[in-house]
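Positions annotated as transmembrane segment by TrEMBL: 12-32, 44-73, 102-123, 143-163, 192-214, 306-325, 367-397, 409-429, 488-512.
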Amino acid sequence: MAAQSLLSEPVLGWSIFTFILLVILAFCWVYIRKFQSRQESEVISTITAICALAIALITSALLPVDIFLVSFMKYPNGTYKEWAASNETRGQIEDTVLYGYYTLYSIILFCVFLWIPFVYFYYEERDDDNVNKCSQVKNALKYTVGFVIVCMVLLLIGAFVPLEAPPSQNSTQWEKVQYLFEELGSSHGLPALSFSISSLTLIGMLAVITYTAYGMSVLPLNLIKGTRSVVYERLENTEDIDDVEHQIEKLKSQCKDGRPLSSRDRNNLQELEGKLLVLRRRGRHLEFAEGNCCTKVGSALRPLKILLGIFFIAVALLFIVALFISNLDKALHSAGISSGFIIFGTNLTNPLNELLLALQPVFPLDYILITVITMYFVLTSMAGIRNMGIWFFWIRLYKIRPKRTRPQALLFLCMILLLIVLHTSYMIYSLAPQYVMYGSQKYLVQSQMVPAGLTSGNGTFGTARICDADAPQDQCTVTRSYVFLHKFWFFSTMYYFGNWAFIVAFLIGLVVSCCRGKKSVIEGEVEADDSDISDDEYVH
């Protein structure tokens, strides 16, 4: 019976993960095909983008499985199930999850430092007049070597960097932190990979602050505000075309007698002709949007969009409140910067953490919620990138637009999402630290009880408590995700300050999104600085 349970419980968790994997692959294919340019599509870049996006989503889906497996080792009364009573059995299950993280994180390193750069530079070389495939591969490999060298340096630093943390005046809290570092440092092969992943996670933190924070504000508000009327936009665009044509005719009339235009008038004429081309393209897109069935369906679903937007903004505010409370808890009760602001359990009431713990008795509501939270971060990140485009400081490199996104932009998009997903695990830990660390595990606390009416003799009884820092080491199993997150204290310190920056960025994005009016029904489809050769295939 115990052997049967040993097979059934982990198999259930991995079966759910397999189902999610299939859903992810289907979603990635549809998503990439939706945004892929019809003129510039290429098989290699398409496959690379789909696989990279799938790896990002699969990695994010592993966190709920990790929490599920450590939670299912125990009964609700705090005792281990028969199949998990042995330390060896629990170790095997933990190693399985750990190997899953090893595999996925290694694939992420391969994608970020080798595969995606190679495909990107290979496609960049294709834009040149050189059609020699061997030269394309050679030049792409030459540029990719730089990324490989960076990866090797990070792995070497991670393998030899000292894990001893600096001394602290808070001895009680520091003893716990020091024990954690020593425990994590004993893991085989972990330091090098963990340091490399933590370095990428730090870059992912910047992407989360830039894109996810903005996406969490702009996505719900766009749903609530909706889009402008396509009929009104067409009328306004027609008036703009007439106005520009009148200005052009007025300038051209000045040179009918053979006199040349001044340099200023020539520049104005050139600008007006460019503006006229954009307005005519915009008119074609608006005409297409007005007759598109998707626009009509969107109008019919307007009430549902408003409700969905209200729900999303409520979830975003819940996340911000939970993140603020978690950071405040770390500021008040941790050992400070020298320990990476690490705390064990929660000292302040965290609404999201309490909600997850309250849903534990009703399986599988807590796992569904943690999965929804994970996917919410990914989807809002996609929305942020979709609305902002891909920027390098103040320079916009690429736009993300349906059916018109260049292959290089899709590769950038997938790389950014890979980095964001790495930081998402720490964000979720910050939102619900106790739950992410222990899941729904409980442990037994033995208490003495003296029978009523007797002066001698006593009995013992056990009380089930939720796992926290006070639990015995052999009674609660820490998730493997937590192991990866807190390998190096200095990264944890930077993540902590990154959470404060995320809160500020969200509030700024919320104010900006509220001040903006309704977006156009063809938002982002037609812009003056478009570098594409033509967009006629989008309309036709």
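Cβ atoms here come from the backbone N, Cα and C positions, even for glycine.
Panel annotation: around the transmembrane segment (306-325), residues 216-217, 219-224, 226, 348-353, 373, 376, 380, 427, 430-432, 499, 502-503, 506-507 of the same chain, lying at least six beyond its termini, place a Cβ under 8 Å from a Cβ of the stretch. When Cβ distances are compared across the two stretches, the transmembrane segment (102-123) makes contact with the transmembrane segment (409-429), since 3 or more pairs at least 6 residues apart fall below 8 angstroms.
Spatially, the transmembrane segment (488-512) is not adjacent to the transmembrane segment (44-73); fewer than three Cβ-Cβ distances between them are under 8 Å for residues at least 6 apart in sequence. Cβ atoms under 8 Å from those of the transmembrane segment (44-73) belong to residues 9-10, 12-14, 16-17, 20-21, 24-25, 27-29, 31-33, 36, 80-81, 84, 90, 93-94, 96-97, 100-101, 104-105, 107-108, 111, 115-116, 119, 122-123, 360, 364, 367, 370-371, 374-375, 377-378, 407-408, 410-411, 413-415, 417-418, 420-422, 424-425, 428, 435-436, 438-441, 477-481 of the same chain, restricted to positions at least 6 beyond its ends.
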